[in-house]
Amino acid sequence: MTTHPDTQAPPSPSTELSTKYTPADVEGPLYERWVEAGYFTPDATSDKPPFTVVIPPPNVTGVLHIGHALDHTLIDTLTRRRRMQGYEVLWLPGMDHAGIATQNVVERELAKNEGKSRHDLGREEFVRRVWQWKDESGGKIAGQMRRLGDGVDWTRDRFTMDEGLSKSVQTIFKKLYDDDLIYRAERIINWCARCHTALSDIEVEHSDDDGELVSIRYGDGENAIVVATTRAETMLGDTAVAVHPDDERYRHLVGTEVELPLTGRRIPIVADEHVDPSFGTGAVKVTPAHDPNDFEIGQRHGLPNLTIMDEKAVITAHGPFFGMDRFEARPAVVRALREDGRIVAEKRPYVHAVGHCSRCDTVVEPRLSLQWFVKVETLAKEAGDAVRDGRVAIHPPELAKRYFDWVDNMHDWCISRQLWWGHRIPVWYSPQGEMVCVGPDEQPPGPEWTQDSDVLDTWFSSGLWPFSTLGWPDQTADLAKFYPTSVLVTGYDIIFFWVARMMLFGLYAMDGKQPFDVVALHGLVRDKYGKKMSKSRGNTVDPLDWMDAYGSDALRFMLARGANPGSDQASSEEWVAGARNFCNKLWNATRFALLNGADASAELPSELSPADRWILSRLHTVLAEVDDLYERYEFAKLTDLLYHFAWDEVCDWYVELAKPELAAGGTRAQTTRAVLGHVLDRLLRVLHPVTPFVTEALWTALTGKESVVIAEWPKAELGRRDPAAEAEIEALQRVVTEIRRFRSDQGLKPTQRVPARLDGLDALGVAAHETLIRSLSRLDPAGEDFTATGTVQVGAELTVSFDTSGTIDVAAERRRLEKDLAAAEKERAQNSGKLGNDAFLAKAPDAVVAKVRERLTAAEADLARLEAQLAALPSA
RNA sequence: GGGCGCAUAGCUCAGUGGAAGAGCACUCGCCUUACAAGCGAGGGGUCGGGGGUUCGAAACCCUCUGCGCCCACCA
């Protein structure tokens, strides 16, 4: 840290910024200070309007990956802005117990460290171990969130398995049960043969796998019928063969029986609409206990359900295949059939869709079992309507279609899981088989009753998150103040898992009041090549690594800058580095301002220079645009806008324009200090939600105030807009850039001061800026012995004559002029072509025609000028 | 099998009817006292192919090709 005496700056304890920006030094102490100051803890009794966001609860055993970092960045950005705007802001943190995922992790650890299974420990001890594991790994996530700067209210931290949320789960289960919206039934469900539990439809991932299609002849002679299957082993459980009722080929067989090979059982041939006569032979084997379609056919025809596998997918049918795994049994059955002369055809490989457990990738086994279901028809209808009638807005709107497709076609939701980690189903059974659903604060009828051993799907409790976390079913002050939540920010990949379920339950439990007003969906974070990040690909990144190397602000800025609504974004270390450079730029600009006595508290003088009016005009225009972009959740655009405004306009131009003013002293310096202070103050405030740490350090140094976290959101003062000043400074910029180009082409060193005469500044309206133009382009006044060695023209008016103390590089100048000439010629041709088109003149709007005319005139003038200049060049 | 989306500079992406853009990468010149994590200047694209609508298309329509994603109980 260096100190410097600065008598101009307002008295402030913190106007000292180290000469070097070191993110770790800046970010380290700030977060805990914010938490201790209570900035993130809202008051449920205040009069301020509420703004509520609940965190998408991360899996308690996990660590935050880059995708979470995106979620958190966007939520933190929204909530910090609203806090500055005067809302009572609650960002509620918490974690999800993540049933299968967590149980699998702990089981794996148990096997690795102690060589034991959960069954060795018993249910009670195993669950105790999971809690222990939760306590250890939950801390990691909290630590990551602090590093990211998440402005969450830790006093309201929740966990899906904590006491209050468990009560919510039990309450809603009972309510649904009493309303006949939860039922228990024996159905074909998706069964993971490794996790030993039922799965809901969306926990199954389909992929096209290589398999086989085997055609088997059932029966003999005239009664023979050929069926095709990819799962030959299930024929052991066949209880019928089905054909289409209109299929002439088999009409004579319908109602007859055929002998099932290998078993000697006789099974009926039935007619069912489901069968597609054009597929294969038009006949299908029916295995009601092991295929969802077959189950349906079985129901329609009163067929028995013959289960031939246990929960491990091991064959239980008596005979030679007993005890074989399903994948062992398949070739064994085919072999036996072949020996029996029953195989008509074999196609291998046969590619077809196979379902896999989304948690462990094991092939899912359709299994007949007794499970609990939510009857979704009415709930899903409501959930769809809430979006259809506009109570809930989905951003971007294109993704609403995906939501509708799902809720409008949702099957009943299997919610029971044969796990130990989760909310136990609150239903008890008597030895006589009676059943009772027990609500919170209720007891089962007697000591001989036993509780259902299954637990609920994790997403059942996640679906309650927007209100269970606020105290529901109790009518708490938080619930009254903060429900419905304002916006839900999450990835489009969990629309079905989570968003839709919250809609179902929120509307149901809260009397039709939606769980959130807006769903803002973002995409997935991919690697620098746009590839999906995955452990197997080895392209995942730990956000902590990037935060360590470049700072949290840089990580956040990079993520926000890539976040276009609903679309995936690439990320890479170079981009985080670029974002860090931006923070560094802000740092140095603020240092410059402080070194020069910028005063953020000063009133803006009424007498302002064109440069001052220009930057103020741009600032307030940008502030208005940022507000607009926030309303549309266009994080990438607003971040990019601020990036370019801060860097290109404030740093590259305004600061450079300010230097001579500051050096001039007196009123001019005073005015510039006030404007510089004004601009930086607003800039740091408007950037704070995205880059909270560096803006806090800089803003407090600049203003001497307590914290930018609680500063007022900068208002766009549209009265500051000044098109004339903007035009004037833009003209100045063009002049300076053109002169610099000439210098660069001529190989003049940037530091080399060159005498020059400027003619025609008046015509461009920048005569008043001659000193500025000279200082920015390093041109000295023309002296007594001035000899022009070269000229450059800007537009048609301005001529700059240089004395380069020698000859100019004629070849370089010729190249430059010829290039400009070619551009002017192209421009002339393009525009004269348009004006030569009668249809264009007749149909294009006047404004467009006028513009084209102007451009043609300018191009023609440029052509004449450039030709003259070229002609005047000494021949090479 | 159905649905959706994408194809613009070497890479990753903005740009929804009136002059082709950004970041990174690249070339040249600079330690010009806020910043070399920087400054100045520059090169680079017949906007995937073909057809159509229009005075005018990267943008709207059709079609082809190539990717990507989601959904799915055709054995």
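A Cβ is built for glycine as well, from the same backbone N, Cα and C atoms used for every other residue.
The model shown is predicted, which means the values in this text are computed figures rather than measured ones.
Taken verbatim from TrEMBL:
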REGION    A:1-23  region 'Disordered'
DOMAIN    A:30-437  domain 'Aminoacyl-tRNA synthetase class Ia'
MOTIF     A:58-68  motif ''HIGH' region'
DOMAIN    A:448-568  domain 'Aminoacyl-tRNA synthetase class Ia'
MOTIF     A:532-536  motif ''KMSKS' region'
BINDING   A:Lys535  ATP binding site
DOMAIN    A:612-755  domain 'Methionyl/Valyl/Leucyl/Isoleucyl-tRNA synthetase anticodon-binding'
COILED    A:807-869  coiled coil
DOMAIN    A:809-873  domain 'Valyl-tRNA synthetase tRNA-binding arm'
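On its own chain, A:Lys535 (ATP binding site) has no residue at least 6 apart in sequence with a Cβ closer than 8 Å to its own Cβ.
With DSSP classes pooled into helix, strand and coil, the tally for the domain 'Methionyl/Valyl/Leucyl/Isoleucyl-tRNA synthetase anticodon-binding' (A:612-755) is 113 helix, 2 strand, 29 coil. Sequence-distant contacts of the motif ''KMSKS' region' (A:532-536) (same chain, six or more residues past either end, CB-CB distance under 8 Å): 65-67, 524-526. Across the domain 'Valyl-tRNA synthetase tRNA-binding arm' (A:809-873), the model assigns an average pLDDT of 87.
Per-class residue totals from DSSP over the domain 'Valyl-tRNA synthetase tRNA-binding arm' (A:809-873), listed helix then strand then coil: 59 helix, 0 strand, 6 coil.
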